Ligand SMILES: Nc1ncnc2c1ncn2[C@@H]1O[C@H](COP(=O)(O)OP(=O)(O)O)[C@@H](O)[C@H]1O
Ligand SMILES: [Mg+2]
């Protein structure tokens, strides 16, 4: 365990995170931001004030005392939305724009793929799919999908 | 849930996420009495009656919108939805606020007088029936029969195409004469000779001249056919190319932002060429083949129906085989296309950035990247070829088997004296040609798929509707005074909300300076005013007319734009200066160059105004290029001038030169200037300070300094000679000193 951090965190009545620095200044509406949300989500999290200024840097979530860690984790969970595609149930057409019915870790959803270029290749084998409303769907390992999903996906890659 | 008796429904929002951000339906309702909500986490409706201090706020982050209901002391509830329902959410918030204020004060706040789109609440313009925002969202896939759509480009050449087709018909008929003549040659000349009868030279000469004649006719006709059709297909290809390019040029900045140069170049270059070859060679061959098969079948049946039936037996099998392979090959070839674009993309990335590559000694890395793209290309091609390579030999095998059947059945029939040797020879001659054609016909599968894939990629461009659409009922402004009004303008790149609720009025002839940290949305605002993008909320008006109702090109003629990175096209300096007004006289060009303080350095170049610049041309310094681009803006004499960090990339002495040039440019025009060095904006009538996409302050330099707010801090930071950008971007890794920031 590391030294306790030199700031204090708590949640106020409006559900916002508050961060109190060493000088006693209170920042309301602090948000945790992951530096590498896809490749290294657990490493490098910044606490940022509403003006986008960095207040504190957390190398690793596990460095934090439990109560702070839980606060940060719940706040992250409230902000982060990157459904992970588990299965592609159907696609309306192989030409874009195409509507996909997918099953994700957050339930089933429809997404509209505007063009093939909205499928971004991350470090293999991960893919990131941006739908027409800008929601990013993650495919962590495209080889791990079932055969039908892989076949659908292959038509767009 | 039951509404009270005289309770009215005002607005509702169907939400699609629950509190833990899982997809689940829910509903929020604003009625005349209260706010009602039920999300997937709730078992029953929750309700809040209107009371003082209640606020409903909307925020969004990473594609998820949040509605938060608060009173003065705490958060009462919050709901999440994906941004597809953001407009409905905005409407809900609006209704809530109005109804709340009505409850508290008894007055209903005025609704804006503008006509709004019922779907998304974008203000509709005079004469506009369809909302430009809604109508541009097309989510229909293009039709699969893409190749047929090429017909649009073939229509102007109907006459030639018909002529070509008739010639094909005649050529094919002529080529079919030869095998037919083998029959009498065999039965009337060769077989009787074997049986001891002498050869009749006259008869032989007749048959042989028939053979020669048919070959010659086929030769002449075939030449004419190929020439006409090659001519036509070349023209269709050229039309396709120019149409696509013209359409591409009309598309908005947004489209180019999302595409890579290499990919677009490949589409317009090689894809159109592929389609061209498809029409001129493959389609033509295929048509001829079909004709040949139909005619051959007719001839065979007329000679001997039974033998014909046996001969044609393998045909359905081959047709089936073709069909099976078709699907697999099509997807394969589409993938090959995309991989090919990937290879060219690496080139398009690296070659313009070659200085960076060399400076960081990353040649090896770039070579490896290219090798990897190529390896991927190979891999995909290998997979396609696996299917493809099996295909042709299988067809050949089937034809051999077909010939075998004909031999066997023919010999059996000769033995039974049902046909002559000549008939069998003719059949074999026909059938080997016939199968030869089937073999080449099978190639049509792959080329059609390739051409269809190419056509689809081209129609992807052609079908793309510009996100900066031309107005349906355009308003023409004869002369523009230069009054610009921004009415609560909001804009997002994708889901990233970049600017929000910006309202400014800029009077004609006024110079307004936009200041703010890098990333605060200054360039975005300028892009919106230039209509490189259209606003997502609110409206921009010029002389009181919404810019969306003016034809795009006509509107931009009124704007002179000087950017941080001036772009010079390949051509002479004079041509570059006259880019916006190619009809300008030499005197005008020189006058513009003089005013831009570019005249003297141009005269120092070896070829003066005729020096070639741009890629492969004379190398010019950043300041020199900038002054040419200022001259370019001066020459079109625009009522509105936009300077986006026009002096940021040059040193202070050059900046002074450019500043002098700009002073000439600014005079008498509505000017919007963005400058990194605040001192350059001293002349501005008004400064508008942006921070994170909002206006935080506005006023003259002195007023803003007196206020000691945002601008004051920015100015102080520069006066202390601290680079604000650097300060902003320094990441404080050490959490210990997080308290002592300004
Ligand atoms: N094409 C784009 N796509 C997505 N985001 C963009 C694009 N252009 C700019 N942005 C973002 O918009 C914000 C404002 O950018 P910009 O207007 O260029 O700032 P400024 O000119 O004030 O430095 C920045 O956060 C930037 O990252
Ligand atoms: Mg900028």
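Placement of Cβ uses the backbone N, Cα and C atoms for every residue, glycine included.
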Per TrEMBL, the range holding transmembrane segment, considering B:226-245, B:246-265, B:306-325: B:306-325
Most Cβ pairs under 8 Å with the transmembrane segment (B:202-221), selected from B:161-182, B:275-300, B:306-325, B:390-412: B:161-182
Tertiary contacts of the transmembrane segment (B:418-436) (same chain, 6+ residues out, Cβ under 8 Å): 176, 178-180, 182-188, 191, 292-293, 296, 299-300, 303-304, 306-307, 311, 399, 402-403, 406-407, 410-411
Positions on the same chain near the transmembrane segment (B:306-325), where near means CB under 8 A and six or more residues out: 297, 300, 387-388, 391, 394-395, 398-399, 401-402, 405-406, 409-410, 413, 418-419, 423-424, 427, 431, 434, 438, 441-442, 445
The domain 'ABC transporter' (B:484-717) [mean pLDDT, rounded to integer]: 85
Contact set, same chain, for the transmembrane segment (B:161-182): CB under 8 Å, 6 or more residues outside the stretch: 154, 207, 210-211, 214-215, 217-218, 221-222, 224-225, 228-229, 232, 284, 287-288, 291-292, 295-296, 299, 422, 425-426, 429-430, 433
